[in-house]
Protein chains: 4
Amino acid sequence: MLKIGDKEFISRLFLGTGKFGSSEKMEEAILASGSELVTVALKRVDLETETDDLLAHLKHPRINLLPNTSGARNAKEAVFAAQLARDAMETNWLKLEIHPDPKYLLPDPIETLKATEELAKLGFIVLPYIHADPVLCKRLEDVGTAAVMPLGAPIGTNKGLRTVDFLEIIIEQSRVPVIVDAGIGAPSHAAYAMELGADAVLVNTAIAVAKNPAQMALAFKMAVESGRMAYEAGLGMVSSSANASSPLTGFLNM
Amino acid sequence: MLKIGDKEFISRLFLGTGKFGSSEKMEEAILASGSELVTVALKRVDLETETDDLLAHLKHPRINLLPNTSGARNAKEAVFAAQLARDAMETNWLKLEIHPDPKYLLPDPIETLKATEELAKLGFIVLPYIHADPVLCKRLEDVGTAAVMPLGAPIGTNKGLRTVDFLEIIIEQSRVPVIVDAGIGAPSHAAYAMELGADAVLVNTAIAVAKNPAQMALAFKMAVESGRMAYEAGLGMVSSSANASSPLTGFLNM
Amino acid sequence: MLKIGDKEFISRLFLGTGKFGSSEKMEEAILASGSELVTVALKRVDLETETDDLLAHLKHPRINLLPNTSGARNAKEAVFAAQLARDAMETNWLKLEIHPDPKYLLPDPIETLKATEELAKLGFIVLPYIHADPVLCKRLEDVGTAAVMPLGAPIGTNKGLRTVDFLEIIIEQSRVPVIVDAGIGAPSHAAYAMELGADAVLVNTAIAVAKNPAQMALAFKMAVESGRMAYEAGLGMVSSSANASSPLTGFLNM
Amino acid sequence: MLKIGDKEFISRLFLGTGKFGSSEKMEEAILASGSELVTVALKRVDLETETDDLLAHLKHPRINLLPNTSGARNAKEAVFAAQLARDAMETNWLKLEIHPDPKYLLPDPIETLKATEELAKLGFIVLPYIHADPVLCKRLEDVGTAAVMPLGAPIGTNKGLRTVDFLEIIIEQSRVPVIVDAGIGAPSHAAYAMELGADAVLVNTAIAVAKNPAQMALAFKMAVESGRMAYEAGLGMVSSSANASSPLTGFLNM
């Protein structure tokens, strides 16, 4: 079973809550996905109203909230947001997102390392969103990260695992769970990440914008389970020469 | 539901029976896969013994046999083999394989078209294994093929859908079911084929040579169902610019 | 030097003449490319006027014309067109194009084989445009083709060598020159084809629609020469583990 | 013309000096490449002998030396090595390489930023080797880097531009020259980098280990020039639908 910090997860599919057509559609999709960890942008939560609509739709016994710092441009902003989130959502879990770039929303390695170190000291369970940079992953481990969340492709592009050469190295070297985040646009991408040995994937756009989000969420659930199962069952190697499944010796020559 | 000829299939995963460590492992994997159509090389069947070991392991109410002509090098050999198969296995279904090339086992378009035409006239339900050639697919339709089975990559390579640009065209144009055959080496490949709109996939090597074939078969079952489900739920487009899942407007600026 | 039929070519870059903004731009690009073989659609030639504008711009001592049968939908039409072309352009060289499909313009393997056989018997030097189908290539050899012209990607897409897995097999097995045709959208694609060991490439769209066709033609000329040179100089293998160019032993440890 | 710091370069091909069979082969390849900037690992230079063999082979009027800090594991070691290099090789140009990881030799983003800032203040012209991380590139600009050298693939793998999605963003956003470093294994890869708009490429392994390094160096020279020329001549878009180069309207219907 996947263990992050002190929690164990049956599901290896984490979900984002943005871009859904309605809170009802979101809730339906999350339940269909079987996800036990969903990320919520602090900004979207109405911190002063007790009956926040978004959060109300996320209250389920098996669902853990993972506040994120989307919108933070540096470590200082992220640490501040994290503390607000801890109070508002009553959890010390945090998806750390620091992206100074408003166009591609790519993460800042320097500020992310700094904030991770600080937040880990403050008792947070930190899951940082990062570039698929194997050296950065090791440094995050050194300062107490609970997991690493390397991107598969620029966020929102649905391009899949364009960073596979680096994800393989990260998975090989990591002592903390590796969660592939961003770019996963289809169940096949999620299955591929799991086949490589990733510990989990986080999906948002591909489910939220589907014509039928709940059905797509279920498709992702199955793909993640399938990929994990294949990883454990031992996939064959890619070869360049053919290797017939059926015997060739000419039975018609006789 | 998938319909080929006059049969309907719940499962969109077809299996090959070659390369398994034992007939028991094969049977176990086939049952785990949920497959309703499994292909058997005529050569492997002991035509004179009533109690053929291989066939005995394939006798299940939901499993249909699909004899194949593996080893045939031209239309004449294939037609002869098909007739032997029809008598021996008591089915007019046929996976037509004509590969004169002993190294890469790639199919011959000319002989395949010729044999398909002849076999269709003889009352066979023909499923020809072919290169991912959209024009050949249309010609096979014209002579009465029941389905087309374009390859994803050279057989036995596990390379996945290397012919995707052509599979998309085939799927767009085909009036008969499109079954992706050869090259599918991981559940993610099978899911991808289904996401593109393929009607089914045929898998053999990747399951047969897995450390745990039954578990791998189950992984493929789930991947195929996942990919189909995603196809029906409406996948998003791949884009080149980022598109944040979470709102960006700087909540910390206030 | 490249030899096709009885002619030798210094340049391994063949050009198409469609889509140029003007005949002058076309001529300028062809001269810049150094190409010695350019293909012309029979339809575009005014068969009755002696002073055809297009052909006038192609009259250069080093440039050989290669009429093509673009528009032919079957062997019969192609053979008829070939004979017209032989008379009109006074050459028995022929680029055989048979594409019944008006949308993707993909070649018909059956009709192409039939027409190649017939045209070879009629004394034509036939260069057929085909799918990257290794078995078809061998069959074309058997009926007297002078070369094979497998496609890299659907024509006009600029997608590059999407058929690389099959081109490698074709190059390995072919006894006639292999000319990669269709899909080559950038000099890097042309260089790649040559690095794989292709004998030549045919380019049209990428040069004709460039902002500056003559400069693009020169870029392709250099890329083709570069790729061929690299092929001959012996390229290294792709590896999955790092292999430092610089020594690593820590000079700072001392 | 390419300008880095206060120097202008006609050639956009930079070379490494490791792995050559002999200093003579290296010199021959460098001259064939036309390169004006070659990188030398400080460790390989005999700092105490005036007649160092390696350096003797690099003394040419047009060739500038670019010492590198290969072997440095953090900013402190790199800054120390840089100062040694400046004294020994009489240049303030520096290729900054900090790779704590001995297996894949991937660069450390944190230490690289720190060392770049410090070295820029000390008057160095710094060219840092980095992951293809667009945000890191912007931060390096902010601290005075002279260029950025993102990797195409793990060093020594010959895999080509596996980071293309990120290189495109880096090139779009950068205000300093972008030099693609590491992973370039064939001229087609170098041409591709230039077609994308990179300012230069650095190649080492692919040339040094070729059967004929001088010929391979010339092939790379031509590929780089070709790619740059194509970039300037305006490449077409990749499309998914076919677009015939030749007219289709059936001339045989008449």
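Just so you know, glycine gets a Cβ as well, placed from its N, Cα and C.
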Check TrEMBL: it lists B:Ala182, B:Gly183, B:Asn204, B:Thr205 as binding 1-deoxy-D-xylulose 5-phosphate. Then name which of B:Gly156, B:Gly197, B:Gly227 it lists for that same site.
B:Gly156
Of B:Lys95, B:Gly156, B:Gly183, B:Asn204, chain A-adjacent recorded positions (C-beta under 8 angstroms):
B:Gly156, B:Asn204
From the Cα of B:Lys95 (active site, schiff-base intermediate with DXP) across to the Cα of B:Gly183 (1-deoxy-D-xylulose 5-phosphate binding site), what is the distance in angstrom?
17
May I ask which residues of the same chain, at least 6 positions away in sequence, place their Cβ under 8 angstroms from the Cβ of B:Gly156 (1-deoxy-D-xylulose 5-phosphate binding site)?
B:Leu105, B:Ala182, B:Thr205
Would you identify the secondary structure of B:Lys95 (active site, schiff-base intermediate with DXP) according to DSSP, in three states?
strand
Take the Cβ of B:Asn204 (1-deoxy-D-xylulose 5-phosphate binding site) and count every other Cβ within 10 Å, whichever protein chain it belongs to.
24
Fill in the CA-CA distance, B:Lys95 (active site, schiff-base intermediate with DXP) to B:Asn204 (1-deoxy-D-xylulose 5-phosphate binding site), as an integer in Å.
14
